Each structure stands twice: as C-alpha cells, then as structure tokens.
C-alpha cells in the first residue's frame, strides 16, 4: 500500500523530552547530537540531560526539485506536567545527512544563532512548536509552522483543523498526550504546499489544510535532499511519541488507518522515584504534625500574650502607612545590634529590608515616655508623613508597639552630612566632599526649605537644621530629615516664638536678644 512504512516509538525516560522510533534497519538513519540506539533498537534523539538536541536523517536521498510529494506521520506529546511542554521538534528536508552545529532549546536541533536564517542552508522544515519565542515572532506556544532556512516561520497557524461538515475550526493541543496526524503535501505544477493537522483516528485528513504556502520550493532546495527529524529539550520535560509513514511521491492524501489507535502509557516513574514518593509522604506527615503542634502552641501563646495593634484617634488623620510590629521585627532581624546604624537622645536607628521585597529601610525607635518622645513622634508623622520631595527624606510609615514608637524611612546609604564634615581619627578613610558636592548639598537643602516654607499648602518650620539631620542618598543628593521639632503654620500666619528650639550650636544674635529669627542677616 505504501512505498515504505517506518514505525517510530518513544523510549520512556523520566525528566527529559525523548523522541524514539524503531524501523527496518539501523543503517537507514545517520545520527547526530544525543541520538543513540538503545538495547531495544530504539532511536533516542535526546538523552537524559537538559538542553540537548538530537538528529536522525535518512541516509538515502529524496528527489524534491520539480517534484510532487506527500508525507504523513503520527505523533503525540505527553508532558510531565499538564499544560507545560518542552520546545518541540521538526520534520526537515536537508541537503546533508544531518545539520552540523545545531543548538538545543529554541533552535529545535535544526539551526544555531549563527546560521539561522541564511539562504545557504537550503533547509525546509515543518515545526511543531510548543514554546512561544519572541525572537522568532512565534504566534503562540501551540502552533504549526513552515520554515525556510530559518526558525522565523513564513507561514504558521495555531494547532487545529477545519471540520469537513460545517467548516468550523477545532482546536488541538500539541501537548494533550493524544496521538495526532500531520500531513505534508506539495504539488509541483501548482507550486503549493499544504500542511494539515488532525486527530489520529481520521482516515483521511480534512479537505481544508491548516496551512497553505504558494511558493516554488525548487528555488530553496537541491535536486536530492535528505529527510529527517530534529528535536531539542530545554528546562521543561515531556515525552514525544511519533509514528512516521512515507507515502507515494505524488500530491495525494493517502488513506491511513490504525487497526486500533495506540494507547500511550502514563508518564513513567523510576524505582528511585517510588522511594522518593514514600519519603516525601513520610516527611509531609511529619511536617504536618510539627506544624499542628506549633499551631496549637501558638494559639495558647496568643491567649496569654496578645499583641494588639488598635488604631488610636490621632492615627486616623495620619497620612503614612502603619506597619505592624512583626513586619519591622523581621525587617531588622529582631533589631539586632549588627543592624544598628546609630543612636542618641532620640533613640536608635536600625537598618532593615522589608519582607517580600528588596526595599531597604531605616527604622527609628524611640521610647513612648522619653523626653518629648510622643510629641516628636506626632510631629514627624503630621509633617513629613504627607510630604513628597526629592530633597526630603521620605517617611514610609510608623508603628506603635507597647512602650516604643517606630518611624520608617527610606534608607540613605551614605549616612549623614556630619560624618563628611567632621572626619575623626577613627574615620580618616572617609572620602572628602568636593566643592562642587558641597555646593550641590547646599542647593538641595535650600530646595527642601523652599518647599517647606513656600510651596506646600502649609508652612513647615523645621527648627533643627544641622549636618546630622542632612542625609546623603546613593547619588550624593542631600535630603533633609528628622522633623521631630517641626511646627506647622498656615500660609500668611506670623508665628510668635517664645523660646529657642533645636540643637545647641550656632545661635543667631537676634535669638539672644529677641528670641525671634529674621530672614535677613547683617554682618
């Protein structure tokens, strides 16, 4: 009935995509890459390693130039995990008995990065592609394509077929695990190539092909070509089954029928996998017992010691986000000493990383009953908590837990300005600021003050500007921070100062005389 019939079967090997088939003679095919014959006379195109490829090309030649032909083969892909395939395979016409230098993964064991797309390849392939590669402009991860000299298909369509009865399109999944038939028919007088996909139980493919290409293939091929298969694996595992049938060298749809469509075996498991499964079950039960005991213990713990985080009246009007104590505890690794950035009369500042992200933060912890602790805490939240400016340290949120108050800021990797200005003997390696950097820092602080005094809806008086409160970010931009002594006023309101606030240091002469500051200085 057929000029030549060759049955292809897969060797079931776990963890990898394998293409295997038996046929009349070992000498019929030339193997390359990972392709080998195993002890059962099966041809395995890929071995048990990831990112491998294999090739099997017929040693005899097939006359294609100015010729018609019809080729059919049956295949099935059984993935290890549902809805996840590998990269796919191709049926190819090649001028040589193999394709040297081919690569795995998206190159399907057919081409490589260098020769992909070159007209000198003289290769025509039908790809069964189950991985969408943007590099090759794939339409999806479940399609059939016609490729000429490269992996960017000249024609492609999602896997499926057109019903002969009503003409509707029926989708097929290439990784469904079901046996399918692919028919390739080329008519030389019409220079038309038709590719049709359908279920294996169809005696004859549907009349309307899935793909059609009106092109004279003689311009791309040599007179004599070799027929073969290529396949590649990536990091996703699956099993690929194929049954290949060569039909007459004519443009006909040859009836093909199985006595019974083969039932594909389930995905295989090695003996070691059974042991691994038993161990996994035992480990799961043990972990479940541990978690159950831990959960019961945690419930009893909560009954005796509850950490309540209830919003107080003053928090309702606050702008920034409230963090839970647990978030800050985990971020700072339990407020460990090695996370400490600095400390003083205000409390301690710790470095941390927010759980679930790479965002670095600085957490300032002060005591609720410390000197001006609560008032400074509220001042920070009510002022900088609602401000967003590139030269102001951003307050991300706050937390109140037991006797302690916490403020969360963006982390400034270069620390405060005073460490650059006051270089001690123990910090002689600290880099010096250039005059350009110093001038930029002055402008940054001025920009922050302009925003506070004139640009925002209210006037904010910082009242404690000093090098220790000017922080430097990773780009050496200055940011003004520590608004614990800040005061809010409405625009146009003239505040009456009753006492000096801030850190002792330089005090303007008018403060000593009147207790009030003026904008203009005379020296």
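Glycine too: its Cβ is placed from the backbone N, Cα and C atoms.
Residue 464 (active site, proton acceptor) falls within neither a helix nor a strand when secondary structure is assigned with DSSP, and so counts as coil. Under the heading active site, proton acceptor, Swiss-Prot lists 464.
Per Swiss-Prot, the feature ATP binding site maps to 341, 342, 343, 344, 345, 346, 347, 348, 349, 364. A C-beta separation below 8 Å, combined with a sequence spacing of at least six in one chain, links residue 349 (ATP binding site) to 340, 341, 342, 343, 362, 363, 364, 365. Classification of residue 349 (ATP binding site) by DSSP places it within a strand.
Here Swiss-Prot flags 335-523 as domain 'Protein kinase', drawing on sequence analysis.
In the three-state DSSP assignment, the secondary structure recorded for residue 47 (N-linked glycosylation site) is coil. As annotated by Swiss-Prot, N-linked glycosylation site applies to 47 (among others).
Annotation source Swiss-Prot lists N-linked glycosylation site at 59 (among others), citing sequence analysis. In this structure, residue 59 (N-linked glycosylation site) belongs to neither helix nor strand by DSSP; it is coil.
The local packing around residue 112 (N-linked glycosylation site), expressed as other Cβ atoms within 10 Å of its Cβ over all shown chains, amounts to 15. Secondary structure from DSSP puts residue 112 (N-linked glycosylation site) in coil. Under the heading N-linked glycosylation site, Swiss-Prot lists 112 (among others), citing sequence analysis as support.
Positions annotated as N-linked glycosylation site by Swiss-Prot, on the basis of sequence analysis: 171 (among others). A strand conformation is recorded for residue 171 (N-linked glycosylation site) in the three-state DSSP classification.
Summarising the annotation, Swiss-Prot assigns region 'Legume-lectin like' to 28-242. Averaged over the region 'Legume-lectin like' (28-242), the predicted model has a pLDDT of 89.
Taken from Swiss-Prot, the feature signal peptide applies to 1-27.
Sequence annotations record features per position, and here Swiss-Prot assigns topological domain 'Extracellular' to 28-279 based on sequence analysis.
As annotated by Swiss-Prot, topological domain 'Cytoplasmic' applies to 301-523.
Sequence-distant contacts of the transmembrane segment (280-300), counting only residues of its own chain at least 6 positions beyond either end whose CB sits under 8 Å from a CB of the stretch, are absent. Sequence annotations record features per position, and here Swiss-Prot assigns transmembrane segment to 280-300.
Summarising the environment of residue 47 (N-linked glycosylation site), the number of other Cβ atoms within 10 Å of its Cβ, over all protein chains shown, is 15. Residue 59 (N-linked glycosylation site) has a Cβ environment of 12 other Cβ atoms inside 10 Å. Nearest neighbour of residue 47 (N-linked glycosylation site) by Cα distance, taken over the recorded positions 59, 112, 171, 464: 112. Once Cβ contacts within 10 Å are tallied over all protein chains shown, the recorded positions 171, 347 are led by 347. The recorded positions recorded for this entry are 59, 112, 347, 464, and the Cα of 112 lies nearest to that of residue 171 (N-linked glycosylation site). The distance from the Cα of residue 59 (N-linked glycosylation site) to the Cα of residue 347 (ATP binding site) comes to 82 Å.
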